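Swiss-Prot lists 1-20 with the feature signal peptide. Under the heading topological domain 'Extracellular', Swiss-Prot lists 21-512, citing sequence analysis as support. Summarising the annotation, Swiss-Prot assigns repeat 'LRR 3' to 453-474. Per Swiss-Prot, the feature transmembrane segment maps to 513-533; the stated evidence is sequence analysis. Swiss-Prot lists 534-871 with the feature topological domain 'Cytoplasmic', giving sequence analysis as the kind of evidence. The feature phosphothreonine is assigned by Swiss-Prot to Thr568, Thr737, Thr742, with similarity to another entry given as support. Residues or ranges marked as domain 'Protein kinase' in Swiss-Prot (evidence: sequence analysis): 577-850. Annotation source Swiss-Prot lists ATP binding site at Leu583, Gly584, Lys585, Gly586, Gly587, Phe588, Gly589, Ile590, Val591, Lys605. Here Swiss-Prot flags Tyr650, Tyr750 as phosphotyrosine, drawing on similarity to another entry. Here Swiss-Prot flags Asp702 as active site, proton acceptor, drawing on sequence analysis. Taken from Swiss-Prot, the feature phosphoserine applies to Ser736, supported by similarity to another entry.
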Amino acid sequence: MERHCLFFVIFSLILHLVQAQDPIGFINLDCGLSIQGSPYKESSTGLTYTSDDGFVQSGKIGKITKELESLYKKPERTLRYFPDGVRNCFSLNVTRGTKYLIKPTFLYGNYDGRNVIPDFDLYIGPNMWITVNTDNTIKEILHVSKSNTLQVCLVKTGTSIPYINTLELRPLADDIYTNESGSLNYLFRVYYSNLKGYIEYPDDVHDRIWKQILPYQDWQILTTNLQINVSNDYDLPQRVMKTAVTPIKASTTTMEFPWNLEPPTSQFYLFLHFAELQSLQANETREFNVVLNGNVTFKSYSPKFLEMQTVYSTAPKQCDGGKCLLQLVKTSRSTLPPLINAMEAYTVLDFPQIETNVDEVIAIKNIQSTYGLSKTTWQGDPCVPKKFLWDGLNCNNSDDSTPPIITSLNLSSSGLTGIIVLTIQNLANLQELDLSNNNLSGGVPEFLADMKSLLVINLSGNNLSGVVPQKLIEKKMLKLNIEGNPKLNCTVESCVNKDEEGGRQIKSMTIPIVASIGSVVAFTVALMIFCVVRKNNPSNDEAPTSCMLPADSRSSEPTIVTKNKKFTYAEVLTMTNNFQKILGKGGFGIVYYGSVNGTEQVAVKMLSHSSAQGYKQFKAEVELLLRVHHKNLVGLVGYCEEGDKLALIYEYMANGDLDEHMSGKRGGSILNWGTRLKIALEAAQGLEYLHNGCKPLMVHRDVKTTNILLNEHFDTKLADFGLSRSFPIEGETHVSTVVAGTIGYLDPEYYRTNWLTEKSDVYSFGVVLLVMITNQPVIDQNREKRHIAEWVGGMLTKGDIKSITDPNLLGDYNSGSVWKAVELAMSCMNPSSMTRPTMSQVVFELKECLASESSREVSMTFGTEVAPMAR
């Protein structure tokens, strides 16, 4: 290890000394050059080239064929090719805010003997630059670096293998090649001469390559041996400016220079370089207008004798159909025709993808370096573009105007050794950290408790020792797993936190848990005991068990097995008074008001013949509700199954559904914050029961505001179980199923994988909670952030809870409880289902929110009492 470090220091010193001999800031990489052959001075330019070995972590070395070597310069004879991975990147240290001319060279040279030129893409950082599909080409771009590290990436787009021969960077002055936005991609750079050949460094101090153009037949080349004053920052070579082209006949009025743009809609910048090479007599004048696409861009211009001037537009231009025409048009007072020495054109490339937060990039690279991680995908920008996201990372980049942030780091089973490094705390937005199944030693660092966004920490399967920091144990909404660390001291006493009432909340350190979950665990255990007792003593209760749901309840039998609570169609007609009063309409059909025996009010949902829901879902809902009973699940009074006449008969919910109240469709008073929290809590309890109280567990699959019903006392009941699914195998964590649900509420992970878990309901509930907080539509096509979660996420960056809270509440709420509810909703909607809370945890947190709001209301009531007047 020491030998490697010493070698790196020596190599760095050599590189520094070598580069000091070149113009300041020049980077010259000979890709594929061995360390032993580095550095060397290229004979024609005098520039010093070094191996690319320290600038890229992947790739193999190749050489062009022997017969071609004599035709090319030494840097172009070797190459680096990338058979492995999709994106392979060079990482270069640069100066942030500096404009660079970036020049990679690609000379295939049949290095692989296949004689097939590869096709691949080139990226600058996270943004696509250009496709490389030709042999012996140099690509150029003028680009301002947004950080102190510049990454040039080769991306495989098919079966062919990307390669590169040289990579060169040249810093430029800020006040040349100015543009409004974006980067400038090389289109052409020409000068006019009778002598063939290119002009480059050292003639051009910026190492631009100038291509010679022969004049047209009716044009001539002017030359001079005198020195040209080229000190206008563009610093064109003397050889370029000592020649110019002009019409042979003085009477010629116009010089034309056509070219085509690809794609035709491209914007471009044009830079024209002039210097008068003839000493004009007193009676001679050279004056002309610069006309681009028929528009005069510079009027009555006269080049100065032996002094270079550059004419350019400050705004980008476009050409009709991509066909461009530059004209130099002689003015009426001019005695001589126009002339021009050189011109350049660059197309505008907008790079819309913002690089990942600089501090977090530095942090993750330090982590990579410290642990010696050599993951194939860990190259380029960690988060963007999304298709190249680093393995083990999740990022939040929903807002295009702000840098992406790292939200999850999974280094499980990565062979990590040593301690948990302090650098991790610089990932300030990290929500999930998984360092499990490594060989980490030392203690559990206290800084983990100070990371405000952190919700999940998995340190299981390591060799950690010492005591778990109390701050970490006491942190709320944190899942902590330290299982499999035999040297770690976490006794029951050290892992206990006292609640406000002096009760003990045991936090199991061997499974992921949420802070302050004791009461919910107790409730769940009590419920299970209750269910077992009732199962073992069926004679104690005539009703079916409210906890056990048979595994075959989703059988494909043609009729419903249970005959209890079955009504005839004639009875349905009677109870609805021939379907007199409509309560609502949905995808299932029409819902009518009715009464049983003239006393019990009911809602009768008739299955439409055109319903997409169908008999299967009708049957599923009946069999579920006949067996499952909970105060927060809508009660099934009965059903009708008579030929094609299918009806579900529910208990009547006088106050309709939550959506009607949030949208104002129902009229009446606005639901205050306390009532909303009560509704959310009761709906959550209904879901918690489906997930934990039923065996096998049930997943609702269609949790939304229209399926949350309210009775006359605003008690809440979850409804519409037609899409519900059970997990028939005990211990099964998911089922694979066709995606079903409502757009906007649908779990993206479930949609993507077809794997249904109870966490899919948790996601949907998070959406419901955001709707209750904000009173915003779930999907709004007129909103920049169309989905409610994106909109809330963007607003939260401002730190003002009022900006997202329903204005109808008029600020009448405890801001702490609103913040807690928002945080809970966002955690429910975490992209990774593993990091979402369970419904038990959601219930507990909502109870705390409601308690906080209730105590505020009580204190306000006391605060309005008349106080005694001072005497």
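Backbone N, Cα and C atoms are what each Cβ position is placed from, and that goes for glycine too.
Feature annotations (Swiss-Prot) mapped to structure.
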residue : record                       : Cβ within 10 Å
Thr568  : phosphothreonine             : 12
Leu583  : ATP binding site             : 15
Lys585  : ATP binding site             : 10
Gly589  : ATP binding site             : 20
Val591  : ATP binding site             : 19
Tyr650  : phosphotyrosine              : 23
Asp702  : active site, proton acceptor : 21
Thr742  : phosphothreonine             : 18
Tyr750  : phosphotyrosine              : 24
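For Tyr750 (phosphotyrosine), the nearest of the recorded positions Leu583, Lys585, Gly589, Val591, Asp702 in terms of C-alpha separation is Asp702. When the recorded positions Thr568, Leu583, Gly589, Thr742 are screened for a C-alpha within 10 angstroms of the C-alpha of Asp702 (active site, proton acceptor), the residues that qualify, in sequence order, are Thr742. In terms of DSSP helix, strand and coil, the repeat 'LRR 3' (453-474) has 5 helix, 5 strand, 12 coil. Using Cα positions, the member of the modified residues Thr568, Tyr650, Thr742 nearest to Leu583 (ATP binding site) is identified as Tyr650. Spatially, by CA atoms, the modified residues Thr568, Tyr650, Thr742 include one closest to Val591 (ATP binding site), and that is Tyr650. Look at Leu583 (ATP binding site): DSSP puts it in a strand. Across the topological domain 'Extracellular' (21-512), mean pLDDT in this model comes to 91.
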